[in-house]
Amino acid sequence: MNPHAKLVFTASLLLGTSITISSNHWILAWTGLEINTLAIIPLISKSHHPRAIEATIKYFLTQSAASALILFSSLANAWSTGQWDITQLNHPTSCLVLTMAIAIKLGLVPFHFWFPEVLQGSSMITALLLSTLMKLPPITLLLITSQSLNPPLLTLLAISSALIGGWMGLNQTQTRKILAFSSISHLGWMIVVITYNPHLTLLTFTLYTVMTTTVFLSLNQIKVLKLSTMLISWTKTPTLNAAMMLTLLSLAGLPPLTGFMPKWFIIQELTKQEMTPTATIITMLSLLGLFFYLRLAYHSTITLPPNSSNHMKLWRTNKTPSTSTAILSALSTSLLPLSPLIITMF
C-alpha cells in the first residue's frame with residue numbers, strides 16, 4: 001500500500017476514535033464510528049486476497065448494521081426525551097437497541113460470528129487494530145451510558161461471551177482465530193462489571209490492550225500464523241519466544257503476572273455486589289481459555305517438534321526484538337506488584 005494512503009487511513013482511525021470518545025452528542029459519536037469503519041476497510045482488503053475481500057465485506061455489513069441500530073436508538077431516545085446528549089439515555093427501548101448495537105460492534109456473543117473470520121482474513125497488524133483500537137469507541141459509549149443499561153442483560157452477554165470465547169478457542173489451530181476468541185472471552189470480563197464499576201472496565205481494557213499488542217507484535221516479528229509453524233519458531237528468536245510465553249500466561253490470568261490483576265479486582269467487585277454465583281461461573285469459564293493459552297505457550301517454547309513437520313527449520317536471525325515489544329513485554333508480565341497504585345489511579 002502507498003505510504004501516503006496508509007498515513008491517511010491511520011490518521012482517520014485516530015480522528016474517528018478521538019471524535020467518538022470526546023463527544024457528548026449522539027450524531028458526533030456516530031460520525032466518529034463511521035469514520036473508523038471507512039478507514040479500516042482499505043487496511044483489511046489491502047492484500048487483495050479472496051479471504052481478505054471476504055473479511056472486508058463481512059466487516060462492512062456487520063458494522064453497517066450496528067451503526068444503523070445506534071442511529072435508530074439515538075433517534076428514538078431523542079424523540080421521547082428531546083435530548084441528543086449521550087448521558088441522557090432514558091428510553092427503555094433505546095437502551096436495549098443500543099446494547100445490541102454495541103454488542104455487534106464489539107463482537108459479543110451472540111453477535112460474535114464475524115469477528116474470528118475478519119481477523120483470519122486480515123494481516124497481523126490490521127488484526128491488532130481490530131482487536132484493540134477499534135474496540136475503544138464502542139467501549140467508551142458503553143462506559144458513558146453504563147448507568148442506563150440493563151445489568152441482567154449485560155451479565156447474560158458477559159457469561160455467554162466468556163463461555164463461547166473459551167469453548168470455541170479450544171479446537172483452533174490458527175493463531176489469529178485463537179486471539180479472536182481470546183478477545184471475545186476478555187470482553188465478557190469487561191462487560192460483566194461495567195454497570196457497577198466502569199473504571200474497572202477501563203482498567204481491564206487497558207491491560208488487555210497492552211498484553212494483546214505484545215502478542216500480536218511478537219507473532220508478527222517471528223512470522224507465525226498457525227500452531228504448526230510456532231513449533232519450530234524457537235530457532236529464530238528464543239528470547240522473544242520466552243517473553244511471548246509469559247505474556248500468553250498473563251493473558252490467561254495466572255498469578256503473579258499482570259493479567260491476574262483485572263480478574264482479581266473484577267471477582268472482588270462482583271462479590272461486593274452480592275453476585276457471588278456470577279463471579280463463580282465466570283471464573284470457572286476462564287479455565288477454558290487457560291487451556292488454549294497453555295497450548296500456545298507450550299508451542300512457543302518447545303525446542304523439538306513432537307511430530308514430523310513439513311516446515312524447514314528457520315535458523316536464528318540477526319534481528320533483535322524492537323524496543324516497543326520489549327517494553328510491552330515487561331508491562332504485560334510485571335505490573336501485579338503495582339496493583340494498589342494502579343487501582344488508585346483508575
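Here the Cβ of each residue, glycine as well, is placed from N, Cα and C on the backbone.
The domain 'NADH:quinone oxidoreductase/Mrp antiporter transmembrane' annotation in TrEMBL covers 23-288.
Look at TrEMBL and you will find 290-343 tagged as domain 'NADH dehydrogenase subunit 2 C-terminal'.
Remote same-chain residues near the transmembrane segment (57-76) are listed as 26-27, 29-30, 33-34, 37, 40-41, 44, 84, 91, 93-95, 97-98, 100-102, 104-105, 111, 114, 117-118, 141 (criterion: CB distance under 8 Å, separation of at least six residues from the stretch ends). Taken from TrEMBL, the feature transmembrane segment covers 57-76 (among others).
Here the transmembrane segment (96-115) has Cβ contacts under 8 Å with residues 33, 58-59, 62-63, 65-67, 69-70, 72-74, 76, 89, 130, 135, 137-139, 141-142, 145, 149-150, 153-154, 157, 160-161, 163-165, 180, 183-184, 187-188, 191 of the same chain, all six or more residues outside its ends. The annotation transmembrane segment is assigned in TrEMBL to 96-115 (among others).
Long-range contacts of the transmembrane segment (152-171) within its own chain (CB-CB distance under 8 A, at least 6 residues past either end) are made by residues 96, 99, 103, 108-110, 112, 116, 177-178, 181-192, 194-195, 275, 278, 281-282, 285-289, 291-292. The transmembrane segment annotation in TrEMBL covers 152-171 (among others).
With a cut-off of 8 Å between Cβ atoms, the residues of this chain six or more beyond the transmembrane segment (178-196) that come close are 106-109, 112, 115-116, 119-120, 127, 131, 135, 139, 142-143, 146-147, 149, 151, 154-155, 157-166, 168-169, 172, 204-205, 208, 212, 215-216, 251, 262-263, 266, 269-270, 273, 278, 282, 285-286, 288-289, 292-293, 296. What TrEMBL lists as transmembrane segment is 178-196 (among others).
The annotation transmembrane segment is assigned in TrEMBL to 202-219 (among others).
Under the heading transmembrane segment, TrEMBL lists 240-261 (among others).
Residues or ranges marked as transmembrane segment in TrEMBL: 281-304 (among others).
The list of residues near the transmembrane segment (325-343) in space but at least 6 beyond its ends in sequence, with Cβ under 8 angstroms from a Cβ of it, reads 203, 207, 210-211, 213-214, 217-218, 221, 240, 243-244, 246-247, 250, 255-261, 264-265. According to TrEMBL, the transmembrane segment annotation covers 325-343 (among others).
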Inquiry  = At a C-beta cut-off of under 8 Å, are there same-chain residues at least 6 beyond the transmembrane segment (202-219) that contact it? List them, or none.
reply    = 124-125, 127-128, 131-132, 135-136, 139, 143, 175, 179, 182-183, 186, 189-190, 193, 225, 240-241, 243-244, 247-248, 250-251, 258-259, 261-262, 265-266, 321-322, 324-325, 328-329, 331-332, 335, 342-343, 346
For the transmembrane segment (281-304), distant same-chain residues with Cβ under 8 A (at least six beyond the ends) = 158-159, 162-163, 165-167, 169-170, 172, 175, 178, 181-182, 185, 188-189, 192, 227, 230-231, 233-234, 241-242, 244-245, 248-249, 251-254, 263, 266-267, 270
